[in-house]
Amino acid sequence: SKREIKMRKLDSTKVRPLKTEQLLHIEEHDFALRPGFGGSPIPVGIDVQVESIDSISEVDMDFTMTLYLRHYWKDERLSFRSNKNKSMTFDGRLIKKIWVPDVFFVHSKRSFIHDTTVENIMLRVYPDGNVLFSLRITVSAMCFMDFSRFPLDTQNCSLELESYAYNEDDLMLYWKHGNKSLSTDEHISLSQFFIEEFSASSGLAFYSSTGWYNRLFINFALRRHIFFFVLQSYFPAMLMVMLSWVSFWIDRRAVPARVSLGITTVLTMSTIMTGVSASMPQVSYIKAVDVYLWISFLFVFLSVIEYAAVNYLTTAEERKQLKKRGKASGMYSMDAVQAMAFDGCFHDTDVDMDLSPFPEPCEENETRTSQTNISNTDTPRLKRKRSLKGNVGRIILQNNHVIDTYSRIIFPSVYIVFNFFYWGLYI
């Protein structure tokens with residue numbers, strides 16, 4: 001209608017001016033000064049929408065976050081006439097010509113404003129002089145982490161906002177909508193962390209040279225997912241400890257088998273510990289994962305020491321028995337197990353063996369033994385007692401040392417008790 005057309009002509013926001021300055025009268029004011037200079041501090045409201053948390057780095061102790069940062073304040077120098085109270089929206093080209101709050105991120109390492117395809121900056125001016133200034137920023141900031149409970153830890157980080165030049169006498173920062181000023185995207189997720197909460201708070205910061213400043217905090221709590229570390233660290237460590245117990249069921253005279261098993265488990269535990277330490281900062285205190293891995297390493301190491309004690313006591317016991325059974329001719333009668341311990345060959349019958357200072361190979365010893373038995377009528381003939389399968393079972397049962405018997409019970413029991421207290425303490 002004609003009336004609507006007339007109203008549109010009277011509304012200056014619907015008329016395209018030749019220059020932006022003609023409508024806002026920018027050239028008539030000094031925007032180097034804050035609004036209301038010399039009077040009460042100007043209130044600047046803040047609200048934040050967190051778009052994503054891009055990464056959390058334990059080694060660098062920082063986090064990277066992408067967010068929309070919005071400022072609200074009133075500058076009467078930017079007021080203009082509008083019959084319908086319509087606002088005007090501008091891009092980043094006008095920012096350099098007017099006054100804007102100098103908010104920065106405390107403890108930030110690096111940050112940038114997104115500029116694809118143009119700078120992600122929006123300025124909206126209302127007829128009464130109220131201003132909305134919005135930025136899309138990615139910032140990396142420090143997070144003071146405590147790894148004493150790693151990887152069963154919860155980290156509390158915060159992003160802090162503050163004016164750089166204006167203290168509380170000139171500028172008052174506050175959350176625009178209270179606790180509702182901080183919003184997050186529903187799809188925010190991290191690979192190693194579960195985001196427990198986001199909260200907004202405020203406070204004051206004091207600098208001896210410049211005074212007190214208003215400071216806003218974006219607080220968030222991150223709880224670490226433990227399943228990854230269970231698969232990569234805890235479960236392999238458990239398997240290595242249990243594998244070291246296998247040596248308690250191996251014949252005490254099988255020296256190569258038990259020693260190689262012990263050395264293998266020790267080296268594997270060292271590799272697991274090195275891998276965990278390589279991905280962590282070099283802190284000066286003990287972490288929870290260090291406690292578990294070092295205790296597991298101790299169990300594996302004690303398994304090796306256990307066999308060293310068994311081997312030493314077995315050797316000492318055999319020497320005493322050989323001295324008691326010694327003959328005037330220098331020949332000693334030994335069963336098959338004792339013979340295997342000295343010449344490295346398996347004998348399934350009782351043999352008479354010459355313990356000369358330089359023992360000969362197995363085949364020569366057996367040949368010489370057979371010839372001696374044939375020529376010597378006083379020596380009884382060798383008799384087969386059992387089959388090879390029966391002898392192996394007899395060897396394991398008859399030569400089980402008492403230390404191995406107790407170790408089969410003590411080691412698993414103590415390790416189970418340790419796991420019970422460990423997981424009860426840290427979870």
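Backbone N, Cα and C atoms are what each Cβ position is placed from, and that goes for glycine too.
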Matching range for TrEMBL feature annotation, transmembrane segment, among 49-69, 112-132, 154-174, 259-279:
259-279
Could you pull out which residues elsewhere in the chain have a CB under 8 Å from any CB of the transmembrane segment (259-279), counting only those six or more residues past its ends?
58-59, 232-233, 236-237, 240-241, 243-244, 246-247, 250, 289, 293-294, 296-297, 300-301, 303-304, 307
Run through the domain 'Neurotransmitter-gated ion-channel transmembrane' (234-325) and tell me, per DSSP, how many residues are helix, strand and coil.
77 helix, 0 strand, 15 coil
Below 8 angstroms Cβ to Cβ, which residues of this chain, lying six or more residues outside the transmembrane segment (226-247), approach it?
151-152, 192, 257-258, 261-262, 265, 268-269, 272, 275-276, 289, 292-293, 296, 299-300, 303-304, 306-307, 407-408, 411-412, 415
Who are the long-range neighbours of the transmembrane segment (409-426) in its own chain, taking Cβ under 8 Å and residues 6 or more past its ends?
149, 152, 241-242, 245, 248, 288, 291-292, 295, 299, 302-303
Across the domain 'Neurotransmitter-gated ion-channel ligand-binding' (26-225), average pLDDT on the 0 to 100 scale:
91
